[in-house]
Amino acid sequence: MAAPRLPPARALSGVMVPAPIQDLEALRALTALFKEQRNRETAPRTIFQRVLDILKKSSHAVELACRDPSQVENLASSLQLITECFRCLRNACIECSVNQNSIRNLDAIGVAVDLILLFRELRVEQESLLTAFRCGLQFLGNIASRNEDSQSIVWVHAFPELFLSCLNHPDKKIVAYSSMILFTSLNHERMKELEENLNIAIDVIDAYQKHPESEWPFLIITDLFLKSPELVQAMFPKLNNQERVTLLDLMIAKITSDEPLTKDDIPVFLRHAELIASTFVDQCKTVLKLASEEPPDDEEALATIRLLDVLCEMTVNTELLGYLQVFPGLLERVIDLLRVIHVAGKETTNIFSNCGCVRAEGDISNVAEGFKSHLIRLIGNLCYKNKDNQDKVNELDGIPLILDNCNISDSNPFLTQWVIYAIRNLTEDNSQNQDLIAKMEEQGLADASLLKKVGFEVEKKGEKLILKSTRDTPKP
């Protein structure tokens, strides 16, 4: 590669040009050359040493500005050089492990991290400073890309301070680039270190919440966090309601993805199922606050609803269903909660009444009806081909409760759909439950029109009442 030389000074048209200007021109030429793979592969190590020398020298001005804020105004030329040094090194590392190794062995990673931390310390949002900041992060991302040795050094220098400084930065590009570095550097062992620095993990959740279009926070959560049940269990209690909803939404997205959970995913999601089910059993009654006269906490209700949503999606998976069908207290708590909500909606006018409606977020337009629908859906899932649970619902008087919810919710076809599904699963190969519903109709506790609405009819053969289905089972 015919690289430009970097002498201390030179004359242009008889005028001596200061070294910083000359360096800047040469650096820009190098940056352009390193866009080509052949130039990257033939670059001599001495060039990187010279670039690093310029970077170190220029960083002194930033150090001075950190000690004396009045010097910030004098940073322009130094920031230009720093930016171009980072661009040059960034380009040199693209798909070139030889350059990655050469630059790493010059301790450029430590110099870059120290300088980036100085940028954050300045807390000045000048565009020139932000540009240098971004280019520094891009360099760290490129030198670590597909290079385990570089990833290790980046981790040593960057964790935890750089991530704590950058993941919550107001500039979305800085958030994205620091997320890229975190994603690139994390491995199984380093995930354990993250468990001891949960603020970083929470900052990633917040970053995705603020910048859902950014792929790096999304990938960190879905490809790394959700594969570490230990991290999720440690982090979940420390999340606020909005952060919980964000994490649970991504868990739902993972479960319902076009790509089914793999054999390796199942043990991990069984651990997640334990966390979600136990949290729901312990905290689900917080949704009853919505029936109070005080203004409801929509965020708390939405977090509770998302727990239920996750359980509904988990119980569609055969491996997870078996675990949740026998989870202690889950079915009982769901029936109990459905009963309390149903009674609350009948006794007073509140969000659980037919007319109650609260706008929450996204596709949830009616919190109460959606919550009841999913409670009934979960009961149906938990009773799928499980006679013990079918009988338990009967013992807890859950069948009349489910039918009565359908009776008062003519305006909610979504709820009716899940009542049909639940009754179908409750009566499948269960003559006792079939007889109960048939007798309810005979005694006037369930009229024929209601049973017809949910897809059943009672037929009398001699002295025996037979419950018959009139439609196919809807998909869960």
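Glycine is treated like the rest: Cβ placed from N, Cα and C.
According to Swiss-Prot, the feature omega-N-methylarginine maps to R10, an assignment based on similarity to another entry.
What Swiss-Prot lists as phosphoserine is S13 (among others).
In the three-state DSSP scheme, S78 (phosphoserine) falls into the helix class. A 10 Å cutoff on Cβ-Cβ distances gives S78 (phosphoserine) a total of 20 other Cβ atoms nearby, all chains included. Sequence annotations record features per position, and here Swiss-Prot assigns phosphoserine to S78 (among others).
The phosphothreonine annotation in Swiss-Prot covers T83 and rests on similarity to another entry. Just so you know, the Cβ of T83 (phosphothreonine) picks up 23 other Cβ atoms within 10 Å once every protein chain is counted.
The feature phosphoserine is assigned by Swiss-Prot to S431 (among others), with similarity to another entry given as support. There are 10 other Cβ atoms within 10 Å of the Cβ belonging to S431 (phosphoserine).
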(request) Do me a favour and check the Cα-Cα span between T83 (phosphothreonine) and S431 (phosphoserine); whole Å is fine. (result) 76
(message) Just to verify a number: CA distance, S431 (phosphoserine) to S78 (phosphoserine), in angstrom, no decimals.
(response) 83
